[in-house]
Ligand SMILES: [Zn+2]
């Protein structure tokens with residue numbers, strides 16, 4: 001067996017990045033489309049995690065239980081090429097690959113999907129909002145950063161529930177620091193992914209999903225903070241392109 005010559009971290013967002021859908025919206029689209037509409041309305045006035053928590057309470061009040069939510073999540077698409085790309089990279093003998101999932105979804109959604117898709121062993125850690133089913137079937141969702149405690153104070157624009165940049169820094173500290181990784185590959189699509197991308201170094205890469213918010217921000221050189229990006233940005237549209245990049249460029 002060859003000893004690994006390089007150490008790689010893959011840090012992936014979940015919705016529209018590792019998963020080919022948005023978990024928060026999808027559950028309502030499958031179970032209660034009227035709540036999906038109302039979720040969009042609620043976004044205008046409530047913080048996103050709080051808005052989702054409120055809509056989960058409404059879903060429960062309408063009689064939907066744990067098995068319904070889990071059933072919806074079991075149909076959420078994970079593209080086989082994305083899974084294959086991650087798995088093949090992790091199996092490579094010449095690389096030591098650590099995979100972190102950094103997501104604004106929640107622990108129940110991600111655990112349920114990962115177990116159903118046999119993906120759980122692929123990820124070394126998942127950092128997301130905490131959630132738990134109550135005995136009566138209500139899914140209780142909370143912000144990762146408690147609204148009643150100290151706030152994260154992010155200046156880039158992360159949502160109050162979590163600063164992905166601060167979470168990435170803390171994860172790095174727990175995992176030997178940036179110098180223990182020859183390269184960090186970040187997979188993301190949303191505006192909340194800009195903050196962690198600003199922490200990446202010159203030798204690191206962000207795989208940005210085309211035509212979504214992170215892509216738009218990075219395309220606009222006059223947008224706030226974009227001139228501070230040090231890593232290389234590589235656009236992708238379909239999971240097959242991530243698989244191809246991981247295979248050929250790492
Ligand atoms: Zn931030």
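Even glycines carry a Cβ here, placed using N, Cα and C.
Keep in mind it's a predicted model, so treat the numbers as computed, not measured.
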Site-mate of 13, 15 for Mg(2+) in TrEMBL, selected among 189, 204, 220, 228: 189
DSSP three-state assignment for residue 15 (Mg(2+) binding site): strand
List of residues, in chain order, with Cβ under 8 A from that of residue 189 (Mg(2+) binding site) and at least 6 apart: 13, 15, 16, 17, 208, 209, 212, 213, 214, 215
Near-site residues: Mg(2+), ref 13, 15, 189, CB cutoff 8 A to centroid: 14, 16, 17, 18, 19, 22, 103, 187, 188, 190, 193, 209, 212
